[in-house]
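Student: Take this structure first; my questions come after.
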Amino acid sequence: MANRAGFSTQSSDSISYLSQREAAEIDEILMGPLGFSVDQLMELAGLSVAAAIAEVYRPSEYSRVLAICGPGNNGGDGLVAARHLHHFGYTPFICYPKRTAKPLYTGLVTQKCLHIADIIQLESLGVPFVPVEDLPADLSNVFDIVVDAMFGFSFSGTPRPPFDELIRRLLSLGNHDKTQKESPIIVSVDIPSGWHVEEGDTTGEGIKPDMLVSLTAPKLCAKKFCGPHHFLGGRFVPPSIVHKYKLQLPPYPGSSMCVRIGKVPKIDISALRENYISPEFREEEVEADPFDQFRKWFDDAVAAGLKEPNAMALSTSGKDGKPYTNYESRKARELSENPCASLLFYWDGLNRQVRVEGFVQKVSGEESEQYFHSRPRGSQIGALASKQIGVGQSGSLKEAWLTCCSVNHPRTIVHEQSFTETDQSAKWCAS
Ligand SMILES: NC(=O)C1=CN([C@@H]2O[C@H](COP(=O)(O)OP(=O)(O)OC[C@H]3O[C@@H](n4cnc5c(N)ncnc54)[C@H](OP(=O)(O)O)[C@@H]3O)[C@@H](O)[C@H]2O)[C@H](O)CC1
Ligand SMILES: [K+]
């Protein structure tokens with residue numbers, strides 16, 4: 001089943017969960033007969049974690065990320081995730097208390113040496129390493145996301161220093177009201193650190209992550225995860241392992257590195273908000289000709305790689321003056337009754353929109369034919385199959401007003417005069 005974001009979801013009942021022994025066995029098979037190297041697997045695991053975070057928490061709102069990395073490969077996943085998050089536009093910080101100083105020239109390709117490569121790469125990106133003693137006792141207000149990469153499936157017993165104290169700090173965050181922005185989101189890599197790998201949070205006093213990114217396949221403790229976002233990552237499991245362990249895992253959509261497990265949480269629409277951060281839109285920077293302004297912004301939208309930058313909402317209204325948007329069966333009739341219409345180009349990502357208002361005129365049959373043949377085959381079939389959209393009903397704006405505005409600086413710049421296809425001279429004025 002595909003959700004709104006195009007991600008497939010699967011009921012957690014039909015998913016396989018691994019025991020600690022199975023997880024370790026799979027690790028050995030991957031890195032033994034199947035020829036994977038630890039850095040290959042870790043790269044894919046860390047990328048999955050970063051992809052899952054980016055799927056839910058945008059860098060514009062959750063930029064400051066603290067990755068707390070443990071001594072094993074779970075910690076390595078955290079380092080790799082931090083590197084990818086840096087490239088995704090976040091500002092990561094690393095706390096890596098058991099950072100090993102073993103140099104590469106020992107010649108031993110151990111996991112510790114590979115972690116050193118990760119450290120070098122992060123340092124070259126200017127990602128700061130924060131000593132544990134320099135971390136604030138209260139992590140709220142300082143970070144937006146804490147990536148818990150302390151322990152994975154090889155954890156046992158109770159956490160030893162300094163991780164016991166770090167886990168306590170994450171626990172105290174759980175006491176904050178998460179609707180108050182200052183409390184960071186906790187993202188656990190593979191296992192919520194401190195939880196029993198199979199039995200989960202046995203005392204009920206362990207950390208309560210907001211997001212869990214299970215790797216390869218969820219471990220048994222993930223059954224107890226009650227947070228809103230459970231993802232699966234580590235898109236490298238070959239069929240031989242799937243068959244041997246009879247794994248039931250959700251399919252990854254398209255080229256995605258992660259897939260959501262379980263339902264998309266219900267969203268409180270009233271709580272949705274976006275902090276628009278974009279350059280100021282100043283009157284003196286506006287092109288004298290609205291067509292030039294539109295062309296400039298349209299080119300920006302294309303260059304930014306926005307999906308379908310030419311997509312627009314066409315609003316019309318009938319005799320009764322009621323507006324309709326995307327209600328195609330009525331559009332043609334309404335336009336013949338009342339040729340006033342408006343177009344809205346909304347370019348999310350650039351925080352810009354352009355609104356065009358004006359009068360619409362039917363194009364000639366010849367122009368319409370030309371347009372029809374320029375469309376993809378699927379659209380042509382759709383148009384022919386639809387009783388509602390006739391081939392000759394395309395229109396063009398003959399006279400229009402443009403309103404361009406930057407969403408965070410809603411100083412609208414309005415084209416005062418109407419213009420026509422032949423007379424495209426235009427003048428702007430601020431309102
Ligand atoms: N195939 C896969 O699924 C992949 C998984 N990846 C990630 O790797 C981890 C598992 O990594 P591993 O190195 O085996 O183990 P951990 O990261 O869980 O941690 C081991 C270290 O933790 C120490 N440890 C254990 N218990 C405690 C404790 N109670 N207190 C303090 N320290 C503890 C342990 O030290 P020891 O002295 O006990 O040996 C180790 O140093 C998996 O979960 C995934 O995240 C790969 O990245 C990709 C492939
Ligand atoms: K973890």
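Think of each number as a place in line: the chain as shown, counted from 1.
Every residue gets a Cβ built from N, Cα and C, even glycine.
Since the structure is predicted, the reported quantities are computational estimates derived from the model, not experimental observations.
For reference, TrEMBL lists these features for the protein:
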type    : residues                                                                                          : note
DOMAIN  : 23-249                                                                                            : domain 'YjeF N-terminal'
BINDING : Asn73, Asn74, Gly75, Gly76, Asp77, Gly152, Phe153, Ser154, Phe155, Ser156, Gly157, Thr158, Asp190 : (6S)-NADPHX binding site
BINDING : Asn74, Asp148, Ser193                                                                             : K(+) binding site
Student: Please work out which residue of Asp77, Asp148, Asp190 has the most C-beta neighbours within 10 angstroms of its C-beta, and give that one of the binding-site residues.
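Tutor: Checking each of Asp77, Asp148, Asp190, the winner is Asp77.
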Student: Can you tell me how many other Cβ atoms are located within 10 Å of the Cβ belonging to Asn74 (K(+) binding site)?
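Tutor: The answer is 25 other Cβ atoms.
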Student: Can you tell which of Gly75, Gly157 has the least company, meaning the fewest other C-beta atoms within 10 angstroms of its C-beta, among these binding-site residues?
Tutor: Gly157
Student: Work out how many Å separate Asp190 ((6S)-NADPHX binding site) and Asp148 (K(+) binding site) at their Cα atoms, rounded off.
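Tutor: Their Cα atoms are separated by 9 Å.
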Student: Between Asp148 (K(+) binding site) and Asp77 ((6S)-NADPHX binding site), how far is it from one CA atom to the other, in Å?
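Tutor: Pair distance, Cα basis, whole Å: 10 Å.
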Student: With (6S)-NADPHX as the bound species and Asn73, Asn74, Gly75, Gly76, Asp77, Gly152, Phe153, Ser154, Phe155, Ser156, Gly157, Thr158, Asp190 as its recorded binding residues, calculate the greatest Cα-Cα distance and give it in Å as a whole number.
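Tutor: It comes out at 22 Å between the most distant Cα atoms.
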Student: Show which residues of the chain containing Phe155 ((6S)-NADPHX binding site), separated from it by at least 6 in sequence, have their CB under 8 Å from its CB.
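Tutor: Spatial neighbours, sequence-distant, of Phe155 ((6S)-NADPHX binding site): Ile191, Ser193, Gly194, Val197.
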Student: If one measures from the C-alpha of Asn74 (K(+) binding site) to the C-alpha of Gly157 ((6S)-NADPHX binding site), what distance in angstrom results, rounded to a whole number?
Tutor: 17
Student: For the domain 'YjeF N-terminal' (23-249), what is the mean per-residue pLDDT, to the nearest integer?
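Tutor: That region's mean pLDDT is 90.
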Student: Can you tell me which of these binding-site residues sit near ligand 1, meaning the Cβ is under 6 Å from at least one of its atoms: Asn73, Asp148, Phe153, Phe155?
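Tutor: Among Asn73, Asp148, Phe153, Phe155, near ligand 1: Asn73, Phe153, Phe155.
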